[in-house]
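Colleague: For reference, TrEMBL lists these features for the protein:
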- 4-279: domain 'UvrD-like helicase ATP-binding' (DOMAIN)
- GLY25, ILE26, PRO27, GLY28, SER29, GLY30, LYS31, THR32: ATP binding site (BINDING)
Amino acid sequence: MVKYILTPTQMDAVNAKGEHILVKGIPGSGKTTVLLTKLQNIVEEDTTANILFITFNNTLQKYIKESLQNDLEEELQIELDKLNVEVYTYHKWAAKMLHKLRMYKDPVEKDTFSTFFKELKGTHRFYTDKKYQSFVEEEIAWIKEKGIKTFDEYKDIRRTGRGTALQANDRKIVYTILEAWNSYLNAKSLYMWQDYANVVNDNINLVNKNFKYDYIFIDEAQDLSQIQLITLRKVARKGIVVAADLGQKIYKTDFTWLSVGIKVQGGRTKKLSGAFRSTKEIMDLANSLLKHDSTLNPEDIEQEYDAEESGLIPGVLNADSYKFETELVAKLIKDIQAQTKADGWEPTIGVLLFESHRLDGWRKSLYYSNIQSEIIRDQYGSALTTGVKLLTMHGAKGLEFDYVIISGLNDRFPSLRNRLEDEITHTIDINRRLLYVSMTRAKENVYLTYKGKPSRYIEELDKNLYRFEVQ
């Protein structure tokens, strides 16, 4: 038995039998807990089982490994590295597979497509208007994420998740650019990130039984692509368990469970009720934001939580400048630490920013205010220890903190520069969900801060659900 005390719906999901199981639920409903418990129960029955656990990012990979290690040692007196259990992000797992298949290539650098695109010649607007560069790059990524191999497949496929409708001639130009891009990558012996899954899938017949797994667990599955999920299904021998929530989808992936061959009908989908991380006040405020999402159906916006878990009123704080915003956050941290110390405990405080390159500057600013903080980035830092943690909003996905402070929410978030008019709505929706996910990392309370004018998302929040302060 593992240490978690489970609710009836969580226990039902843990005990669910079947080759394919889908676990759905809002932030804090216990999806990851269900996956970890189910995994540990399998290990308790069979310590030789080959298991793969796929996480969303490097930070969450480390968090899951630490959690598993602690639980297995405490409850089963088993060391994780003595088991056949692997914890990877999808890209790290795919890179490992490609190394084994002797087909590995380095991933392309961020600006390589821009260099390639500038060299293209043509009269179509995709060539002559630089605003279309990100549009074309995202369309190429989408084609690869769908596993499309020919123009005939692409020209007739229904395109979802994009404002701009592509006509037949537009699609022909995109595919011509894709073919030129593939030749460019081959000449330099590079892959796009999306190529990793395609190469694994194309060579799946070379993956022998030693490369396959008895069970595969996938957390945050809504942000994986169609081709990634297909490859994972193909290397699962006995079962695959996925956890997903459309409200937390922060990447432009596009798939249905049917399209990836994961059968979740007929009792194979388990919906968790309740939210056990965040208070009612936090969830109310987060849901008031998510209601503005144009892509979600009302049933996708779950609003079930433990109404008895009431707490503090969330805060929205406005500062005149960046300097004042960092000072405001420093004061807020000190107030939280003083109050929790008086109550006899030390909290985890997550300070979340949108841009990774700002983390070091914020760490210095907090240091000058006599606040020690730790940056959580990739494999560095731990979300399990107490103290102040600095990380990106993307990096916080799947983690939790006692208190969360989300800073930099001014009118330049989200950035819509160089976005086509028809793409703006989708960009706004994606980043709204990112903020929703960030807010729901908090257990005790959440604070949103900005300098100058507020982000459109601050304006979307229900003003009756937070306390507003101007510093």
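Each Cβ is built from the backbone N, Cα and C atoms, and glycine gets one as well.
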Colleague: Could you name the residues, excluding GLY25, ILE26, PRO27, GLY28, SER29, GLY30, LYS31, THR32, of the same chain that surround the ATP site, i.e. Cβ within 8 Å of the Cβ centre of those residues, in sequence order?
Modeller: THR33, ASP245, LEU272, ALA275, PHE276, ARG277
Colleague: Averaged across the domain 'UvrD-like helicase ATP-binding' (4-279), what pLDDT does the model get? Just tell me the whole number, please.
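Modeller: Its mean pLDDT is 91.
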Colleague: Quick one: give me the count of other CB atoms within 10 A of the CB of GLY25 (ATP binding site).
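Modeller: 25, counting other Cβ atoms within 10 Å of GLY25 (ATP binding site).
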Colleague: In sequence order, what residues of the same chain, 6+ apart, have a Cβ less than 8 Å from the Cβ of GLY30 (ATP binding site)?
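Modeller: Listed in sequence order, they are LEU6, THR7, GLN10, LEU272, PHE276.
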